[in-house]
C-alpha cells in the first residue's frame, strides 16, 4: 500500500517529468506496434540453415534487472532518456528463459552453471567440466565423471574455436570449456591442497594448455597463473601480488608456444598495442593475457595496455572466420558479476553496456544466414532498481521520495544484501550526503555481507540465426549447448545432419528442416 503523501509526491514528480513530444501522439505508439507486428510475422519463415558459426555471449551475473538497467544506461550515455533504447540483444528475434539452479544449489554459482550451458549437463556448485557425481574439492571423484564442452565438439568437427573473457582465462566460465576440475578455485597448483596434487589432479591453467592444445584464440587476464612462483610481472614489476604463482616451476606460455606447429603463426601478446598491431590474416593461434588476474573494469581500463571487450572480439573474429568450416567463439562479460558482488552497480552496468557493444560488433562481422548467436547469463544477482522514478531519471540517481520510516532519501538502485549496508549514528546512511554517482559507490543493501550474492531467478536467453527458434520457452540451462550443437551439426548431432543430407539431398539452406520438426528428445 502506498501512503497518500507518497502518492501526491510521486504524482507531482511524474507529472513534471520529461515526456518526449512525439510520445504524446497516439499514432506514435500505434505505428511502433505495427512495425513490431510486421517483424514478428516475418518470423513465420524459420531459419533452418546449418549454423556454420556459433557465437555465445555470456554476461556473468547479467540477470533481467541488469539487462533493463544497462539498457537505460546505454540510452543515457547517448543523451537520451534511456528507457526507449534498444540494446543489441533486444533486437534478437527469439527469447527464452533459463532455469539456473545447480544440482545441489537452489541459487547457483558460475562454475556449475558454466558446465550446464557449455557441456550440456547440470553439475554441482563449484565444479567445472564434470558431472554431478563429482563433489567439490574431492579430487578422487573426478576421474570417470568428466564431460566435454561444445568448444571440444566444435574443434573435433574441424572448426576453429576461441575464448574471450574480461576475467582471468582460467576463471569459472571459460574453464568449463576445456577443464575438468572438482574445484573452480584451483587456478594454479598454488591454490590446490596437497591431497589433490598427490591424487593426480591438475590445476585449471595447466589444463588450459594441455587438454585442448589447439584452441585457436585465447584472450583475457590471468598471466600470473602461467608463470613460476615469484616471477616478476612484465607490467607490474613492483607488485608482489602480480607475480607468478606456480609451484611446479612451469612456464605455461612457453609450453603453449612449443605445442604450436612450426608452419603456423602463433602469437603471444600482453597489451593492447601488441594486439592491435597484429595482422589477423597472418595469425593462426593467439594467446593474449592482458592482466595478472582479472582484466580491469571498463571504467578503469588503460587504453594503452588493456583492450576493450569489443576490440578483443573483433580480433578474434578476424582470425576465426578464416576457417571455411566455421568456428565457435565463447565471449564472456565476466566483470558484470564482480561489480555486483562488490555492490558497485555503476561498474557492473558499464560492463554490461560494453558487452552489448561487443555483441553489436560481432553482428556487423557475421551473417544470420550462417551464424547462430546466443546471448545469456549464468545467473542473476540480488540487484534491483525502483522507487517510482520518473522518466529519464539517472539510473544511478535518487528515487523521487524519502523513506516513510526513517525520512531519508534512497537511490533507485539497491541490493538485497552486500557491502553497501551502512549505519551512521545508529541510523541508515543519508545518501544525499555522499557521492552516489561515483564509479565505485556501493549501493545500499538490506543485509550486510562482505560480498553481495547471486540471485536465483531465471535469466533471459536471446538468440538469432540458424535454429534460433529452438530457444523459445522456459528451459533447463543445460539445454542451450544441445541447441547450438544441433544447429551446427556437431557433437551428438553430427549424424542427424548426415542422415538428412543423404536422404533427400536438400539445399544447404534447408538441410535441417526435416529434423527441426521432430521432437528434440528423439535426437539426444
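Here the Cβ of each residue, glycine as well, is placed from N, Cα and C on the backbone.
Given the structure is predicted, the values throughout are model-derived calculations rather than measurements.
Feature annotation from Swiss-Prot assigns signal peptide to 1-17; the stated evidence is experimental evidence.
Within the same chain, residues at least six positions away from residue 110 (phosphoserine) with a Cβ under 8 Å of its Cβ are 60, 61, 171, 172, 173, 184, 337, 378, 379. Look at Swiss-Prot and you will find 110 tagged as phosphoserine.
As annotated by Swiss-Prot, active site, phosphoserine intermediate applies to 110.
Under the heading Zn(2+) 2 binding site, Swiss-Prot lists 337, 341, 454. Residue 341 (Zn(2+) 2 binding site) falls within a helix when secondary structure is assigned with DSSP.
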Surrounding CB atoms that lie within 10 Å of the CB of residue 454 (Zn(2+) 2 binding site), all protein chains: 22
Cβ contacts of residue 341 (Zn(2+) 2 binding site) (under 8 Å, same chain, 6 or more positions away): 61, 381, 418, 451, 452
Zn(2+) 2 site, defined by 337, 341, 454: further same-chain residues with Cβ within 8 Å of the Cβ centre: 60, 61, 110, 338, 340, 379, 381, 451, 452, 453
CB contacts for residue 337 (Zn(2+) 2 binding site) [other CB atoms within 10 A, all chains]: 29
Residue 110 (phosphoserine) in three-state DSSP notation: helix
